[in-house]
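Read the structure below first, then the notes.
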């Protein structure tokens, strides 16, 4: 029977949830959720000087926005330090690690001499095979005994087989002289203890895999499945940085991108399923696999992100979309909508969501429904309200006051009125938009009338006719 899949996301709490980290978390989440497995969260907070509670919270908030729920309790790597140290002592007792008394000055002198002579700077400790009786009463580190012959093969699900000669591996430090464990050891022990079966992470960790395999093998533990995914680059092909724009997941939340669209885009960033660009969360969970991840760095493309976000907004249920739009206003520091405005936003949703790519665009398109009387037209719309058009609106309004308020009937009334004026409805649209919304670019006049209702529509037309 195949063991259940267990993946993990293991960020360091030294800043916000980077867009690359968000994608790594998403890939792990999709792989586990699509296979009925577990997705675990570990905070790698061993660097006490740089780790902060605020950064941890920012990571959690970013994951919550993206809907990446984790199983079980959050694991703190720092809290497991005693366990990591105990494992190092196990290896020492088993003869698979040793005490090294070399000082930093001695190691630095060795490397300087090696560079000067054109030799490898890989440090070979003279203490590896030293008898215990020769050990001085001095500070020491614990080093693993790296294999000195043969090869280590990283069987990676994305990069393929990566072979490293064992004579290129050093006797890595496991425990510092102050008794604290190093990151390499902590990661292996935590992944083992958490039951992680698949390690999906950035390919900047690929070289670490060979060193971590030394620890797995020395302990007789099963090595997890490796999947080292390519990094994200900017549109210019260079590593993603601030010059390319926003880097943090929450920055995109504050800018008003829908979480579903961001999930879809991040999933497609380096992974593909045929020619499918737009897909639902359920489809992503079903389709996601490691075989579909490419080796080359993916390029972040804001236009593609916006396109997918627009499709997700258009496909969303109106009630859910209204809730998301209001949540966006809260996180971006904007005033909450009144109960009346919230109701009107919900009514307008059907006619504004088709072309909005972000929540600011969506709310802007709902301006006609959210604004209060009297409607003040902007400069461009005001040009449509000259004396002639005001007179036309004044004449039109009585014909609407007792009308049956359905689209077909409203279209018939306005087209007949335009015909009576020996013109086309298009000529009336400008003044009507200005009167109803105060703008020249709006949803269709008929949609605005249906959303506003007969009383508000006629009141706005009367206001504009004065």
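Using N, Cα and C of the backbone, Cβ positions are placed for all residues, glycine too.
These features come from Swiss-Prot:
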BINDING   242  ATP binding site
MOTIF     11-21  motif ''HIGH' region'
MOTIF     239-243  motif ''KMSKS' region'
Count of other CB atoms lying within 10 Å of the CB belonging to residue 242 (ATP binding site): 7
Helix, strand and coil totals (DSSP H, G, I; E, B; other) for the motif ''HIGH' region' (11-21): 3 helix, 1 strand, 7 coil
DSSP-assigned states of the motif ''KMSKS' region' (239-243) in counts, ordered helix, strand, coil: 2 helix, 1 strand, 2 coil
For the motif ''HIGH' region' (11-21), the mean pLDDT of the predicted model: 92
